[in-house]
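From TrEMBL, here are the annotated features:
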- 31-50: transmembrane segment (TRANSMEM)
- 35-427: domain 'Major facilitator superfamily (MFS) profile' (DOMAIN)
- 70-92: transmembrane segment (TRANSMEM)
- 104-122: transmembrane segment (TRANSMEM)
- 134-152: transmembrane segment (TRANSMEM)
- 164-185: transmembrane segment (TRANSMEM)
- 191-208: transmembrane segment (TRANSMEM)
- 240-264: transmembrane segment (TRANSMEM)
- 276-296: transmembrane segment (TRANSMEM)
- 303-325: transmembrane segment (TRANSMEM)
- 337-362: transmembrane segment (TRANSMEM)
- 374-393: transmembrane segment (TRANSMEM)
- 399-419: transmembrane segment (TRANSMEM)
Amino acid sequence: MGDKPLLQKVSIQKDIESSDKGVRVNDGDGPVTLILLFTTFTALCGTFSYGTAAGFTSPAQTGIMAGLNLSLAEFSFFGSVLTIGGLVGAAMSGKLADILGRRGALWVSNSFCMAGWLMIAFSQETWSLDIGRLFLGVAAGLASYVVPVYIVEIAPKKVRGAFSAINSLVMCGSVAVTFLVGSVISWQKLALISTVPCVLEFVGLFFIPESPRWLIYMENLQEFKEDGFFELFNPRYSRVITVGIGLLVLQQLGGLSGYTFYLSSIFKRSGFPNNVGVMVASVVQSVSSVIGIIIVDKFRRRSLLTVATVMMCLGSLITGLAFLFQSYDLLESYTPISTLMGVLVFQISITIGIGGIPWVMVSEMTPINIKGSAGTLCNLTSWSSNWFVAYTFNFLFQWSSSGVFFIYTIISGVGILFVTKMVPETRGRSLEEIQASITR
């Protein structure tokens, strides 16, 4: 059975309308069907794999450094090489999704992911460990763009925010699961277990349909012919690009990778029991992710982003103050619990808004004729910022355990102004309405 008959038979969520001006996909309030749920689940397996890769370094750090005799610099490179691979995946994500389709790009991502985990699981040398993580990065770079775009394009507008928020929930949940499982098993076994979502995605990709918007794009290629990369700098697209890049830079430079990759190190330095801290953070992150799904279509996107950015700023401020007092031997007994509070506030900010909404808005705002180029640019920017934070965190943390979090606080503070002044509202509007208004 081909993509189009399956798509038409199950009526994923779109009505295709013809007019004198061409063909367009009209967002409706269609039903949430089983095939829609199955398709979303399959796509989200890619996000789960990305989350396990992001969370892998925290519980595995001690075991890998001891087992393979890695120095701190070598392990920092291993941690950050995920983002180097992410840059490679990001560079080809938009064009690959346009040429092969959303499902085709997921096939490529799945292949790199499976190969990466197997290389890590059976690594005896540093080079194979690094190459395996590089492959995971390529897979993550592809999935971080393709999955949210695919979900936005197949979901009815009444549940588009909730379905997209599930992507953030799965990301946070997979990081939490990795923290918990990794704290009780070896890093080799953790790598093997991490292949499970890859297998599930591999099976599911045989049965899910292609994105209806991509099918129409291919059928009307001349009408929707994609503009070149430099067309992104056309003034009509300036707000799309500025908002998209701004939100993704805020997400990453605000410290996301530092908290995610090196959570164990943060708790250890503060004096809070590492395993307990990771478990508490994982539970709170999972619960707040569910709350995020519930509220994302009930409140305005910009309002949620504003609240989340304020919490992001507050979380880093609390964490920074805890380490500052510790460095001056003040209120030392409060440092562990204050650090935990700061981490939890930061993580809640990620799950209720700053983690998932930026990619939702990038997918909603970008017109089809620049989606590939704009997606590549935004994804590259995100992964470049991700790499910078992941690579520099350990060195900054050694330089000043409080200073690194004050840097994140300042960046988040600037982000509050950016969100309130620049970000448009997109909730409850069709993709065509959003794109027409923002490029006017």
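From the backbone N, Cα and C atoms, a Cβ is placed for every residue, glycine too.
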Is the number of Cβ-Cβ pairs under 8 Å between the transmembrane segment (399-419) and the transmembrane segment (276-296) three or more, considering only pairs separated by 6 or more positions?
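Contact absent: fewer than 3 Cβ pairs fall under 8 Å.
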Between the stretches 70-92, 240-264, 374-393, which one has more Cβ pairs under 8 Å with the transmembrane segment (337-362) than any other?
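Going through each listed stretch, the top one turns out to be 240-264.
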Which stretch from 31-50, 240-264, 276-296 shares the most C-beta pairs under 8 Å with the transmembrane segment (104-122)?
31-50
Mind checking which residues of the chain, 6+ beyond the ends of the transmembrane segment (191-208), have their Cβ under 8 Å from one of its Cβ atoms?
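Sequence-remote neighbours of the transmembrane segment (191-208) are 35, 38-39, 41-43, 45-46, 48-49, 52-53, 56, 103, 106-107, 110, 113-114, 117-118, 120-121, 174, 178, 181, 185.
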Does the transmembrane segment (164-185) come near the transmembrane segment (70-92), with 3+ Cβ pairs under 8 Å (pairs 6 or more apart)?
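The answer is no, given that the two segments have fewer than 3 Cβ pairs within the 8 Å cut-off.
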Using a threshold of three or more Cβ pairs below 8 Å, and leaving out pairs closer than 6 in sequence, do the transmembrane segment (31-50) and the transmembrane segment (303-325) count as in contact?
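Per Cβ check, the transmembrane segment (303-325) does not touch the transmembrane segment (31-50).
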